[in-house]
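Features of the protein shown, as given by TrEMBL:
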BINDING   His72, His238, Glu242  divalent metal cation binding site
Amino acid sequence: MELTDLTKLKELKVQDIVHHLSHGIELPDNTVDQLITGSMDQTVTGIVVSFMPTQQVIEQAVQLGASMIIAHESPFYNHHSTTDWLKNDSVYTYKRNLIDQSGIALFRCHDIIHRFEPDGITDGLIQDLAWDTYVSHQTAEFDIITFPEGVTVRSITQQLKERLGMEYVRIAGDTETLCRRAAILVGFRGNGHTTIPLVQNEQVDLIIAGEGFEWETPEYIRDAVQQGKSKALIMIGHAESEAPGMKLLTHKLAESFPQIQVTYVKEQPVFKIF
């Protein structure tokens, strides 16, 4: 059956959803995308989509009667979802038992969505920021945003906080820097080997990243400013940069599968500021 015919099925299986997501995508041999719990033959009674499959997200999926969770990150606190090292841990055991007892099929959608064209995670962030018209260049790792009239880093920071519903961001550099070109890098792409070349090769004034090693890009920006260069960095957080992409995926799945309920569950920020 063609993927376009799936909307006609009254009963969907987990494998139908997975095949729909991965259609036309070439995954690496070491992909982390997998069905972590459940089976491909399970009937889908509803889908919960989230950035992180936290305890609260799983509990809400149970309350909604959803038999499938699609999450960007692993439920078990490491990138490759290994669990041998957690077998005697009470937090892991409690969470795993809830998943198993509820019969939820949990699918990790990490590499797939990053291989959408454009990158589905970056695209979600751009759309939430309403910066679609400012995108001048897209790659697999970053987008270049051009503000023809120039915008101060302070003003961009306010937009980020308001449009993403964030209480804070972290900034390196001068907040009054006038930005005409910015690079956006989601997730853990904010490390120096990716960001630093953009300052020279793409002539960006500002790096907006999810997160990265604090001794790389932030220190480069510190030195650049000390040398008299007008550069800045805004770190918005890993989840804050990638959750919008999973929210966008929710809308797309709801359009593709109108016969089932697809719900996006947003978690509260993991950190509190005192």
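For all residues, glycine too, the Cβ spot is worked out from N, Cα and C.
DSSP gives His72 (divalent metal cation binding site) a coil state; it is part of no helix or strand. For His238 (divalent metal cation binding site), the Cβ neighbour count at a 10 Å cut-off comes to 21, with all displayed protein chains included. Take the mean position of the Cβ atoms of His72, His238, Glu242, the recorded divalent metal cation site; other residues of that chain with a Cβ within 8 Å of it are Phe51, Met52, Glu73, Ile121, Val186, Gly187, Gly210, Ala239, Ser241, Ala243, Gly245, Met246.
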